[in-house]
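Scroll down for the structure; my scribbles are underneath it.
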Amino acid sequence: MGSSSSSYAPKTVYLNVDGKVQKVVFSRHCSPCDIKELLCSSSNVPRNTAIMVVDQEGALVSIDPTMPTNSPDSLYKVVPLSTGQLGEKEDMFQNVLSQVAEQFSRAFRINELKTEVTNRLAMLEKRVELEGLKVVEIEKCKNDLKKLRDEMASRGGGRVNCPCKYNFDDGKKVTPRRDVPNYPKYTLSQETVEALKKPTFDVWHWEHNEMLSCLEYMYHDLGLVKEFNMNPITLKRWLLGIQENYRNNPFHNFRHCFCVSQMMYGMIHLCNLQEKLTLTDMGILMTAAVCHDLDHPGYNNTYQINARTELAVRYNDISPLENHHCAVAFQILSLPECNIFANVDPEAFKQIRQAIITLILATDMARHGEILESFKQKVDNFDFTNEEHVTCLKMVLIKCCDISNEVRPTEVAEPWVDCLLEEYFMQSDREKSEGLPVAPFMDRDKVTKPTAQIGFIKFVLIPMFETVMKIEEIMVQPLRDSRDHYEELKQIDDAMTEKKQTENMSLGGKKK
């Protein structure tokens, strides 16, 4: 205890203040500020005066608890500092700091680094600003394009809206859905299975997922999945890709695709073609039917050629739409996840591809007379072992299916006429706005439903189906019934027109 207290004994220093000896006692616990205050009070120096303590030789003594003790014989001298002296010391201190800063600057090239960093920051800020402007411009362009498309779609648009959906020149491919197909599986009842084989099948009561399930069933039922060793998941993906690449036109849409494919499936059964054709032939017929109008833009070949669209230029005015349907079909098949013929021998696939192209190109109505005449020359001595005969039959079959709506019951067929006329009127309106020739059967000011159908049924459908149905009569009678139906409608229209004209003449006479 005693030794411990001795370590805290006060400390004494002797000062010389203006020639007088002053004794100052302070504890070791004092801070430098406390010691300075003691020194000022004991030496009669005003408070807040800057002082310094020097020994007899003039050396500066630190004012802190470690300050050495002295004796009356070796006094410390207290020297008050004037404002000038303080200023000089501050200047000297600032000068030293400046020199040190300059040395650091030279050593580490601070100014150069600062300039470089500043320049880089400025460049980055400029780049960020430019990138931001680019994003804004891109978004603006996207919005402008969307508005333009919407505007053109709403009014029939200019020619830029008609070219094909896919540009094959830039290497881009069709991108149908790549996920695992998940359309709800529609369980076909026995009643539906039987109805699918007949022309009376009502195509209007089915959702897209149900139509996809029906198409899938057809491929399984005909033995095509087994014949071509198709992966069932690939078949699903392919069908989804097909659906996705039909546009939402009034007539040429996915429901029309299903309509044609279902009629082909029905004709295979009605004409008992399973016993007369190979499985490869039936696969070609069904696949061509499914793909025959892919990415149809809603404007026919006549418009494409007269308007000199991209499709017409690409295919030299030769069946531009049909060539495009083929191209899109094989773009989809070129995707591994959608290639239903992936397990077919390359040489066999080459022949299948050529056969599908031949059938899709045959759907161009400009070739109708040529194809039908060729078939008429063969039908009386038709030979199923003759490859040329079979090819001609397949061409006529897909043509029949493509324009077979009037074979169906009136309540199923007539809505298709409305859809087709709507698409025709859209085209004729556009042709008028662009100063292009307008076909009378497409002009909303000249055509009526009866006049549109009577001629088509009498001079196109009945002759073709009568030629094909020398094998089977069941599909011709509905066409005759449909012709009679529209002739009755025409008589009613003519009577109404005549009555209206009589009334107008009567009113005119009264006015006189």
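Placed from the backbone N, Cα and C atoms, the Cβ positions cover glycine too.
Where the annotation comes from TrEMBL, it is an automatic prediction and has not been curated.
Annotated in TrEMBL:
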ACT_SITE  H252  active site, proton donor
BINDING   H256, H292, D293, D402  Zn(2+) 1 binding site
BINDING   D293  Zn(2+) 2 binding site
COMPBIAS  493-502  compositional bias 'Basic and acidic residues'
DOMAIN    176-493  domain 'PDEase'
REGION    493-512  region 'Disordered'
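Scoring each of the binding-site residues (H256, H292) by how many neighbouring Cβ atoms lie within 10 Å, the top position goes to H292. Sequence-distant contacts of D402 (Zn(2+) 1 binding site), defined as residues of its own chain at least six apart whose C-beta falls under 8 angstroms from its C-beta, comprise V260, H292, T363. Apart from H256, H292, D293, D402, the Zn(2+) 1 site neighbourhood in this chain, defined by C-beta within 8 angstroms of the site C-beta centre, holds H252, C257, V260, A289, H296, T363.
Neighbours of D293 (Zn(2+) 1 binding site), defined as other CB atoms within 10 A of its CB across all chains, total 25. Taking the C-alpha positions, the distance from H252 (active site, proton donor) to D293 (Zn(2+) 1 binding site) comes to 7 Å. Just so you know, the Cβ of H252 (active site, proton donor) picks up 25 other Cβ atoms within 10 Å once every protein chain is counted.
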